[in-house]
Amino acid sequence: MKHSGGNQACYVLGQKTPSIRDLYSLGHKLGQGQFGTTYMCKEISTGREYACKSITKRKLISKEDVEDVRREIQIMHHLAGYKNIVTIKGAYEDPLYVHIVMELCSGGELFDRIIQRGHYSERKAAELIKIIVGVVEACHSLGVMHRDLKPENFLLVNKDDDFSLKAIDFGLSVFFKPGQIFEDVVGSPYYVAPEVLLKHYGPEADVWTAGVILYILVSGVPPFWAETQQGIFDAVLKGHIDFDSDPWPLISDSAKNLIRGMLCSRPSERLTAHQVLRHPWICENGVAPDRALDPAVLSRLKQFSAMNKLKQMALRVIAESLSEEEIAGLKEMFKAMDTDNSGAITFDELKAGLRRYGSTLKDTEIRDLMEAADIDKSGTIDYGEFIAATIHLNKLEREEHLLSAFRYFDKDGSGYITIDELQHACAEQGMSDVFLEDVIKEVDQDNDGRIDYGEFVAMMQKGIVGRTMRKSINMSIRNNAVSQ
């Protein structure tokens, strides 16, 4: 997207739309994401309530960001009508925002519902995964790969009806043709399929991700776990599934058989979504037992869910605090590397520029970096590609941003985050139902009942759960260039 006069002037949607304020009145904030905010809104003509996702155009830096938003809207329209996919009502644009109006899901997140209910069994997990894999099958049958399935992306329309579960976020979804191979690394670390990390994948990756969700639903923890993001990736590529630790000795063989079929490392041998739905463990009146699972499963599920929520809040704080000045700093860096002022960085310019910033990367690593950043495969990196490749990675873990996020929670400046301060932050972020004791318990390594800065940083670096890992697998640009 051209930056003439700022991208606010361009039509992201390709045409002028009616003003959203003529049709809807915007209400209170429901949530915050990397690119914008979701509000409650009311249709003026009918009084019906909807959710409105307002995307900040200022943050759509590259052409790819704009295409992602357009594609998300197209895919939501394309999938409209499937009962477990959120219904889009319309999309609108003004000089500052793109607004997507959709069905309101006020019943809360999937994990929260499981935890609140208390009684939980394999049968209940089977009912839930049947809905999730049903969404995958619907997407695949219509030529859509989701690419970012995770529990947070499933909400209940009504908190008393588990069958009202809806998939809500299609921001990373793409259209695919049979046999088409994808290379960009996207998704969330705990859920990513091995072939995605190897940059050679298709729709089978969605079934792997659903298999990870099923493992968590039954045991309370993810199957591939480590202290760092790289450690998680290594575990995913190794593919060893733990069926020995508690609660697995008490879990049915049929459940384990299904998980093995979904978490098969070879995509060609993995179950399809259709095969999963026909598995005896999942079928109606199937073999999934209805006896209560060990209470420790719910307890672990609470801790895993709670830690992710704290991390998401911290990432929002960081994303919102990125200033025009910081983007300007990256602009200067781009200019310094673009020595011939052509508006694009060649391989040689990138290599020379990284050397100036103290990098010791090998040529092959610089080539990988170049490929990851070169979105349009032109052989060079233009300004938009450079900003997109660097802003989403380096900003999240830079020391000053982690410190400012920590200070956001540490309201009294004591050097510790307490349960009261977390409560205050949750209220500010509209996340009042988070299980705060479990957040503290999970993150607090020295068991003093509060979170210090070291514990906070360790949590943030344990598998970032942001909206996308796009390009973050090429960690070296952050370590060698931008942290200077």
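Cβ atoms are placed via backbone N, Cα and C, with glycine included.
Swiss-Prot lists Asp338, Asp340, Ser342 as binding Ca(2+) 1, and of Glu332, Glu349 the one it places in that same site is Glu349. Looking at 164-194, 288-318, 381-411, the range tied to region 'Autoinhibitory domain' in Swiss-Prot is 288-318. Summary of the Ca(2+) 1 site environment: with the site residues Asp338, Asp340, Ser342, Glu349 set aside, the chain residues having Cβ atoms within 8 Å of the Cβ mean position are Met337, Thr339, Asn341, Gly343, Ala344, Ile345, Thr346. With the fewest other Cβ atoms inside 10 Å of its Cβ, the least crowded of the recorded positions Asp148, Asp338, Glu349 in this structure is Glu349. Across the structure, Gln32 (ATP binding site) and Asp340 (Ca(2+) 1 binding site) place their CA atoms 40 angstrom apart. Here the CA atom of Asp148 (active site, proton acceptor) lies 18 Å from the CA atom of Gly36 (ATP binding site). Mapped onto DSSP helix, strand and coil, the domain 'EF-hand 4' (436-466) counts 16 helix, 2 strand, 13 coil.
DSSP assigns Ser378 (Ca(2+) 2 binding site) to coil, not to a helix or a strand.
Using a 10 Å radius centred on the Cβ of Ser378 (Ca(2+) 2 binding site) and all shown protein chains, the other Cβ atoms total 10.
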